[in-house]
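As structure tokens, the structure follows; a few thoughts come after it.
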Amino acid sequence: IVERERKSTDPCSFSSFSKCVTKHLNLTYHVDFDSHVIKAKVALTVEVLVDNFTSLTLDTKDLKVSKVTANGQAAKFTLGPKHSFMGTPLEITLPFDLSRGQHVIVEVTYETAPSASALQWLTPEQTAGKKHPYLFSQCQATHCRSMVPCQDTPAMKHTYYAQVSVPKELVAVMSAVRDGQEPDPQDSSRAIYRFRQPVPMPSYLIAIVVGALESREIGPRSRVWSEKEFVDKAAFEFSETETMLKTAEDLAGPYVWGQYDILVLPPSFPYGGMENPCLTFATPTLLAGDRSLSNVIAHEISHSWTGNLVTNKTWEHFWLNEGHTVYLERMIGRSMESEQFRQFKAMGGWKDLQESVNTFGANNPLTNLVPNMNEVDPDDAFSSVPYEKGFALLYHLEELMGGPEVFMGFVKSYIQMFAYSSVTTEEWKKYLFTYFKNKVDILNKVDWNAWMHTPGMPPVKPQYDTTMADACIALCKRWNTAFLQVLLEVDMKTLSTHQLIEFLSLLLQEDPLPLSHVKRMQEVYRLNALNNAEIRFRWLRLCVKSKWEDAVPMALKMATEQGRMKFTRPLFKEVYNFDKYREEAVRVFIAHRAAMHPVTSNLVAKDLKVDTGKST
């Protein structure tokens, strides 16, 4: 019974999903840039699962709730004690009791806090255009509750409708299909944008952006959105989107979300991408005039199936979202490039996993594929483990079950089987055994406990094809062993962007190079002149590791002029570890932290051991 009870709750949410489920949200937003708040009303359509139902709990975080009604009648509500990262439970008592199968519409009138962890408000100076303010949200994993009182758990899927009032010189977009706009009848200086999301989805995928946005068509079902300064560059960068969508549909089944748009955010966006339905968010660090970085988009497109259509039931099962998405992303790479390219990316992923395990420590339970999330903030648990340990397991099973075509058949079948629902690792595994019922003896030999519930690196290291990596390894060895006078630019000319990134990653894994080597490398390869963010990030880390003082200001500049955590956190850490510049790293962070995304500034503060003074 305890196990059954546990399954209908989520350790990261106050709202149980055993008594009632949210079916639909109707949002009315008034975005106020002067006070940095959203004045809002949300009507939740809730289906009751038990008899004698009289009360429900919603997740909230820093919300000012002024009124609650149930089917139009006033309802009593209280806010419980505040939890360090989970926020505050909103306990609602209905003025009537309901039985199983009935629906109730619960309407909450509220206002978000200026410090809402889901929202980042940018001043005009922080945008590319410098004229208008900008707002964007990031709800994954548990920040939606700072923007909408809801059952903030991925176990719950609902449709939504929204109307958003914004200053009329700005444009609003959401993770939904656009449903028209009109002048705000209440205020002639404002406009109302409408949105509908007819496909049920979890709360962490609700997203909103308001800014001076423009768009360009990049395909029959795709537009790219950004400030006008970036829009043409972005349209060029993401021109392969439709090809990728078609490739993904061939692999995984029909794309159900209708529109697939991409929004390029201002530099402070903390992630490479975020798979908000109908509107993928992308970091501007992708705009290097180098289309080879499109694997971020292949990853976000893949989430349309694994994550958005089939969702992890709680954040303990996050690998189901990310491991399958990386697997699918690399299958798209295989279709569009080659099997060798997929193998090369898989090797790179194994190294990223190694780095995460080293950072957390090989005995840290957060390196389990299925970690225990009791009293763990999902932001602190975030790493490449669910992505790359998850991929490694799927690749291992692919080898055991008969190769990529055979295993992709399972992945597609799993997606169709669990479409529109949320799943646990247990359910996934049960389906794997059902699908491969003729090969159960082989599946039984897999050390499931070591893969799922044991920290550190996986029990099996796959043998990847090293064809594309060999050139990188050879070049890395040459720089590491002898100091060669005849290192010519030729080395560089023969390497693709992906291989150059890999070469620098390999060097970062070794002991720091002598300073003379790094200086020579700059002479020969002119790496300081390259704008590709993935290359620049690794190169600057390498320089700081070798204690090249000239690189410190460049590293801190890159760490602060964009806020993608993948780059910002390691760059700050690298400078912090250079004793002579430790205080400089802290000083620059403190000077810039107000402009940073709240999630980023909290985590960098922890990295640099600065008192977070975190308002939670």
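Even glycines carry a Cβ here, placed using N, Cα and C.
Caution: TrEMBL annotation is automatic and unverified by curators.
Source: prediction; values computed, not measured.
Listed features, source TrEMBL:
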- Gln138, Cys139, Gln140, Pro270, Tyr271, Gly272, Gly273, Met274, Glu275, Arg564, Met565, Lys566: peptide binding site (BINDING)
- His299, His303, Glu322: Zn(2+) binding site (BINDING)
- Glu300: active site, proton acceptor (ACT_SITE)
- Tyr387: active site, proton donor (ACT_SITE)
- 467-608: domain 'Peptidase M1 leukotriene A4 hydrolase/aminopeptidase C-terminal' (DOMAIN)
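Structure coloured by features recorded in TrEMBL.
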residue : record                       : Cβ neighbours (10 Å)
Gln138  : peptide binding site         : 24
Gln140  : peptide binding site         : 25
Tyr271  : peptide binding site         : 22
Gly273  : peptide binding site         : 23
Glu275  : peptide binding site         : 23
His299  : Zn(2+) binding site          : 23
Glu300  : active site, proton acceptor : 25
His303  : Zn(2+) binding site          : 24
Tyr387  : active site, proton donor    : 23
Met565  : peptide binding site         : 20
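For Glu322 (Zn(2+) binding site), the same-chain residues lying six or more positions away in sequence with a CB closer than 8 A to its CB are Gly307, Pro386, Tyr387, Gly390. Per-residue pLDDT, averaged across the domain 'Peptidase M1 leukotriene A4 hydrolase/aminopeptidase C-terminal' (467-608), gives 89. On a Cα basis, His303 (Zn(2+) binding site) lies 16 Å away from Gln138 (peptide binding site).
Excluding His299, His303, Glu322 themselves, the residues of that chain whose CB lies within 8 A of the CB mean position for the Zn(2+) site are, in sequence, Glu275, Glu300, Ser302, Thr306, Gly307, Asn321, Thr325, Val326, Leu328, Glu329, Tyr387.
Residue counts for the domain 'Peptidase M1 leukotriene A4 hydrolase/aminopeptidase C-terminal' (467-608) by DSSP state, with H, G and I taken as helix and E and B as strand, are 109 helix, 0 strand, 33 coil. Comparing Glu275 (peptide binding site) with His303 (Zn(2+) binding site), their Cα atoms are 6 Å apart once rounded. Across the structure, Glu300 (active site, proton acceptor) and Gly273 (peptide binding site) are spaced 7 Å apart at their Cα atoms. Cα of His303 (Zn(2+) binding site) to Cα of Gly273 (peptide binding site): a distance of 11 Å.
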